[in-house]
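Here is what TrEMBL says about this protein:
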- A:7-20, A:101, A:161, A:186: ATP binding site (BINDING)
């Protein structure tokens, strides 16, 4: 049984993702597609549009066979930790291959870039650190560093999916996984586009903007698979709103106003005195957008500030993040179909960490973060919505999903 | 110019308060009535129904000549600190007398009770501490201790206003103020009544319950002065809601869910492992009322838990409370009439602490607490309501109020 892993967010699942899954299956000849997916909060520091359960269900309905969770401590992170957590889980689940979407679409380029880095790792890291100290963004620092090593033409590291892919490849090499790597070129739409590029492909960013503006999945019907559309519609009906920073802003503002500078400094990723800036902006701003604009500087990317805000919202401290291991200490199952279940059954005894069907506090400090993320994600919901979500989170087994889209 | 001080909350100002002010003026022959009033959060751990500015205005319109603020660090406290802060401010403002409402109405009884205590202070305090360790409430422990000293018939220390009065008298004796003490018997309604006793007198508790239930001052028109009625109506029109725990519950719950047990233990008044109980109840409860019922035990009075919750909401730590002096370090003016202004002008140079017309962060750690209380009190308001309140708080001089009710 050939298994291929993918690292995803599906926020929400769209036609580009469908293309990626289909190509991953075709290119690798996979029988089983395993997706490791972030939970309630995203890599770029945003709450997920809909719960991880709905997104996991979308994933299986649209072609994945097994969906597991990337814990909060790896998901809400820069590309390096995000990638290393995802790759470690796919490796633990005995994947033969992994396959990612990229702007480049050429796996050889990634191999060469990683090899250049590995041969000059300390120099490369020094370049990146210096660049960021001088106030340029991480993507730019990364691209510049490769340039300085004379390999700037090898891979464009200023594109977001190339960066992620590069870090998957790097993590796989460092963790010595032996998984074979594949990449699929992203279809047409650029990740950061905010308007639909054509009739069937749009970026997740554009889709989210449209959904939040209209609060109606009808506007994005043409750019997502029908299963995704149906689930988004169901979620909206159940909870009355998509989740976005706007509905968490009152809590973030409250926390920024009530916390001392010292308390804010204890939060993961809050550095260099930005706590003063954050607190000031929270007092002056009336919504999340205007808050972000007040905090934003050349030195801090929008994403970096959002991630910081997510950690403030979830009260994730530097100490907590220090406590956890370099690799995930458990793998939580979210959803699967018959094939995923059979695969899991076959490989289970070889997985080096617990594979978890149901929430258990005994899994250590990492699961405490996931649990808090769930509690806080559920806060803006009505009593019913909240009860349902937390019941799903704490008391129910993974979703078993029927026939996928072919 | 004879000046008489009163210590008040006016949440809201009602006919009983009007009786108290008039009697205080008559009994003491006062030219000038000075009220020291709690700010945005009350002694019993509740947000004020309407802002301190509106309440200060009510006070002057209904007979006070000068209203100053009792800082958060003294206002949201057990009777002992509340009383000692209030008395210190009245003394600093050179009051010749002070006058409080009580169930007893007999100042001699207070004198005797204080004298019994002062002669047996360490024994008395040991009795109180032991009583509370054995799980009885503070009022009961206080009453029992006086009983054990053979003075139980002197003063009933289980009534809330007798307790406060007792602590005012005690503070005045300990601070050696030389102010003469007076007391006025409370009219008919018992403080804890929740239904109106007759047509013109009702307790503040009953009035608050009715206002929150009906969200309409018309229901309480007969039991408050017309100035108070007009101001409550104006406040409701401006902000759309009275302030009560219900509108702060989302923030309290968020904080309880996101904070670690250790962080909660750092909060003032959180003791004896109650942080575990608080956190559990916050996850399970859907509103403030059901939360309180889950936390409540025989050991903890409702008031004590509410006060604890106020400190959690405002993030007031043990460290912060330790830092401040035994007496207020500044006196903030809220409202006055011509007579209050003239009095202030005459005594100003004798006041041992700064008398503050406008907010200034340089006044030290205590004002930081007041400022945070204001910010957090304003959180549930609309943008306009919040802007107005904070503009009033940070940028405006005290209110000058015209002709009072005679």
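Cβ coordinates come from backbone N, Cα and C, glycine included.
Automatic prediction, not curation, is the source of TrEMBL annotations.
These figures come from a predicted structure and were not determined experimentally.
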Checklist entry - Which residues in the same chain, at least 6 apart in sequence, have a Cβ under 8 Å from the Cβ of residue A:19 (ATP binding site)? => result A:184, A:187, A:201
Item to check | For residue A:13 (ATP binding site): intrachain residues, at least 6 apart, with Cβ closer than 8 Å | outcome: A:55, A:58, A:59, A:62, A:224, A:225, A:227, A:228
Checklist entry - Tell me, by DSSP, whether residue A:7 (ATP binding site) is helix, strand or coil? => result strand
Checklist entry - Around residue A:16 (ATP binding site), how many other C-beta atoms are within 10 angstroms of its C-beta? => result 22
Checklist entry - In the structure shown, which of the binding-site residues A:7, A:10 has the fewest Cβ neighbours within 10 Å? => result A:10
